[in-house]
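Scroll down for the structure; my scribbles are underneath it.
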Amino acid sequence: MRYLVISLFAVSLLMAGSALVGNAADAAKAPKKAIELKHGTSKRMHVMFNHTTHKDIACEQCHHDSPAPDKPYASCTDNDCHATPGPRERDTMSMFVAYHAKDTDRSCYGCHKKMAAQHPEFTGCRPCHMSQQARKEAAASEKK
């Protein structure tokens, strides 16, 4: 019994270690520059998304469909994943819902809502939707 417990513990450590290595490899593939998400009707509603800021979150949290094991994660609108048109469609396949679903931490809004207690700056729309910080990042990425 003792050897069984020790063996199971060793196997669980190996599995946890390999998961961490996988996340590190995924993080290395992530884009270094901020990405402007242009799915709103107004440029003021665009979002500057920086993968580096979100490096402690597993890629699968947002990119829940990987196109192929050897290919990096696809954009939300690739392969018609969240391509339903219309800014406020209640369809789970709409881009609006992918970003703004309230009751899940798989969406930007849901995750920020969950973390707002530790990070009060996560509340409201402006932290994402072309806030001063987002405008600075947009200007900096255009210069590069």
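Yeah, the Cβs are placed from backbone N, Cα and C, and that goes for glycine too.
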Listed co-binder of heme c 3 (same site as CYS108, CYS111, HIS112, source Swiss-Prot) among HIS46, HIS51, HIS54 = HIS54
Among the binding-site residues listed here (HIS82, CYS111, HIS129), which has the Cα closest to the Cα of HIS63 (heme c 1 binding site)?
-> HIS82
Using a Cβ-Cβ cut-off under 8 angstroms and a sequence gap of six or more, which residues of the chain neighbour HIS82 (heme c 2 binding site)?
-> CYS76, MET93, SER94, MET95, VAL97, ALA98
Take the C-alpha atoms of HIS100 (heme c 4 binding site) and CYS108 (heme c 3 binding site) and report the distance between them in angstrom, rounded.
-> 6
